[in-house]
């Protein structure tokens, strides 16, 4: 599941960019004999300890680039040359960020592997000097310490981190299709052991400070402070600095040793890792696992393993060389470009381009305590939004409340929340069967059954009780918002908010605006979505909006492929082999066959022949037999509680047999099957941009990857067209068009791109 | 600031209050404090309010506060409470049948005597017709008992109420684990041998691991010492300042004890042991000695140590790292009319009081900072009107952080909704007979000690108003004005 892992972690990575920042801190230091101000660094001297403060101008975060590195080494050279200084502390002046990593744009600018390799080598040189420093250097870490930041920190002699939620350490390079290229692959295994180092570098996961202390990644923890003589964040950084200075002195005086006591398990592990045979087994196991999970679509993990292996088996010179070369190779891969593109897109989709709403949503009301309604409630209450959850029955409401509680309690089990926090968050949720309190609601999100008549009924009921400013949002996956709003007295306050299931896991929120929806309504919906932690795309109203509309032709093709005799397991492996995190047949089961049927019929009516292909009858028959997918225990597969292995549903055979279509051998190779699915998706996505449903290709890519599981290694349909070549896609479409007709006719925008190769979406 | 503290404590034991007052005051930067108490005129002549009954403290006593695990270690909480009640009866000669009601504060409850007020009263020979209840509000439990008494009298329900507090940390209820308890309860219900055996088969060795009473804040899981250390750091209170303040507390307590000023203490003949007549935690040390101690909570670089906390038992490694003292206190509270009618000469009036609460994580121990301006404003007094400050000292770092918080415009503006700072506290009027750091802090009993110390100091020093303030777990606090009874 590296693919989905990549999605998950990318979000956290993105979140770091949007951290709250209280502006820069100006401080005068007492007792400093020298104060040299440069662009990114300044340093003062406290006694015999140099305190180097990193604070890049005009940015919320510190990142590493050439200029920063050369300035850093300049500062360090002065420190090394100064006889009065015996040790140093390296700290960031930015609240919530130590160093967020290397400058991605610097890497993106690299045209050749050699250029990127050079960047890596420059980084290696700087950190090697730091590692060999005769004067101890203490890294004082508050906030994110990621990528190059982590590599810098582990080159220091000692690390002290604040035990703050914002303080996370990690090597997320793999999520951008890269490897830690400034010595990380060489130092991490030595510092935290081979298994832990692989885990960090291959998953890119963020490690909280207390965990980092246990792993040996940091040496001391500093508790974040509350308000005192100064604002908490400011004083915490100051306190961290004071503590770090004490330790720097202690290290210089040899009163403290940087070595730490290892636990028994750790000792045993490191002993085992000293045996070459065991190491070989570990490499083999890890490699196997990576190959299985990435299906060969992501080159970075294997190169990481290679670089680590080279360093450990052939010495550090070979290791560093391997690291920098592989870094160079990775930096210019399509996969890396795609993942970096997603990262940028995600940052964009975490902003509210409609500005701040006039009124913040403080009181939310949700109609329908089903899977979606309760999911929306969960992501709202845990951000402190007071939420009314209304359902028609006590049983339905109870189920929804239990879902929210379970979601929160799972976090307690993972120690992400305390039980006290869980209870206090859960108190934000009020379950009810009537409209009591709706007169104070700022927004109502309905998540009732997908039926226009029911939606109309609740809209009218709700409008009778809500205040004038209250927004009515509809969580629907396919019903046009315009039609829902038709019965509204105030259509400017009606908007679509399409969440994806499961709401607490899926990051995407698709917001749908009609021609009548006001700017402020949109701004308010985005603001709430951002608060809920969502990545947001804003699209125009139309049948299926963007996401469902792209999914429909793909699903139709999938049904046709099944009708042509490809069994669901084979189909799943073909689609996951292309990079989809979930196989196509499994996806249908997860979404729900009845939902798929609804969508297929609705959109089939709206778009006609072009959305044809597979026969909706297949879905109808499945629904008739109760094969609704995972929720009913049977779909294409049979689902058993507690069992991970799923078997094909043999009762499907008769349905397949009755609807069997002859396969067309000229377009039925494995590759053709994959491309039939993907090109229909891509063509429809491009058409959405052409028709103005989508405002930007970025939103199209983010929506496809985060909402529908489009292969992250391809970067989304638009990035895919850019990287793969519009002409090649058009050629494919033409080939299938010749067999199946207009379902594969490439849209005009795609043809334009094919005709003029200089045209790119990015 | 440091120099002031050092200066003060070095001078205090050897110079008179006045001399000290003058040598410190010029150093203070706050202009309002320069007006000496001698020339000061009070904002109000008295805090008596029309149409409200005056409520007085006739007298109050406490048994000596002892380090846990010493002379009281084999007793139960109600034994200490009983001793305090008997001491009060003896001191005031109040006929037992006159007492309308009894209320006590306690924190860690002995399960057998959960209403310890009632058990102690019965044992002390009070009428079985006198109702009694027990209250709990962490370290301000006996403050709550006193203000409960005030409320009962002010509303005209009663005339004579005994309020007190007790804590016995030498013994605390240590429970079986929840799993074990569940098994034992289920075992009771099991009827057949088969059911019992099947229950027994579920037993695991880890069921036997005991559950200690938590000292950690329930809502934040942080121990108080840990929070105090962070608080000290937030207000940039140094280790040295904390040690100096602790030394001041011990030195002043020693002096007060030697001079016989701690007149609220009544001797207690402990069954099977010698009579106890003095607090045993007062231990003036030297700064050098104190500097050697390792931090008790935030290791290895924190600033709160056993020496600058109230009776911290050293070398406690588990979470059971308590501030531990045993003790009990009791006082007789009456309506003024009743007291005069009975021929008493009361010691003090209990006047306005407030309870405050704030963030239990980062401002756990800042109760006095919030309570002080609130209660002063309520009473219509200013800081200058106060002759005696009696604050509960949980940790040196906590007291000094409160000082700095009250002296900070930034803090007042950003966290207290005030335009300006509360002001700096005149150290020469502050806890001059020692405090919880040196005398000890039996959670439930400290409030009454504070009020009696305030009342006795007012009488001794000829002041009129005293301000009592305390912090408590849960991020709560209390402030009360005590007015001396005219001679």
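Here the Cβ of each residue, glycine as well, is placed from N, Cα and C on the backbone.
TrEMBL annotations: computationally assigned, not manually curated.
What TrEMBL records for this protein:
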- A:151: site 'Important for long-chain enoyl-CoA hydratase activity' (SITE)
- A:173: site 'Important for long-chain enoyl-CoA hydratase activity' (SITE)
- A:364-541: domain '3-hydroxyacyl-CoA dehydrogenase NAD binding' (DOMAIN)
- A:498: site 'Important for hydroxyacyl-coenzyme A dehydrogenase activity' (SITE)
- A:510: active site, for hydroxyacyl-coenzyme A dehydrogenase activity (ACT_SITE)
- A:544-639: domain '3-hydroxyacyl-CoA dehydrogenase C-terminal' (DOMAIN)
- A:676-753: domain '3-hydroxyacyl-CoA dehydrogenase C-terminal' (DOMAIN)
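A Cα-Cα distance of 11 Å separates residue A:151 (site 'Important for long-chain enoyl-CoA hydratase activity') from residue A:173 (site 'Important for long-chain enoyl-CoA hydratase activity'). Rounded to a whole value, the Cα-Cα separation of the residue listed as 'active site, for hydroxyacyl-coenzyme A dehydrogenase activity' and residue A:498 (site 'Important for hydroxyacyl-coenzyme A dehydrogenase activity') is 5 Å. The sparsest Cβ neighbourhood within 10 Å, among the listed recorded positions (A:151, A:173, A:510), is found at A:510. The Cβ neighbour count for residue A:498 (site 'Important for hydroxyacyl-coenzyme A dehydrogenase activity'), using a 10 Å radius and every protein chain shown, is 25. Remark: secondary structure over the domain '3-hydroxyacyl-CoA dehydrogenase C-terminal' (A:544-639) totals 67 helix, 4 strand, 25 coil, with classes taken from DSSP. Each residue in the domain '3-hydroxyacyl-CoA dehydrogenase C-terminal' (A:676-753) gets a DSSP state, and the totals come to 62 helix, 0 strand, 16 coil. Mean per-residue pLDDT, taken over the domain '3-hydroxyacyl-CoA dehydrogenase C-terminal' (A:544-639), amounts to 91.
Following the DSSP three-state reduction, the secondary structure of residue A:173 (site 'Important for long-chain enoyl-CoA hydratase activity') is helix. You'll find the Cα of residue A:498 (site 'Important for hydroxyacyl-coenzyme A dehydrogenase activity') roughly 31 Å from the Cα of residue A:173 (site 'Important for long-chain enoyl-CoA hydratase activity'). The secondary structure of residue A:510 (active site, for hydroxyacyl-coenzyme A dehydrogenase activity), as reduced to three states from DSSP, is extended strand.
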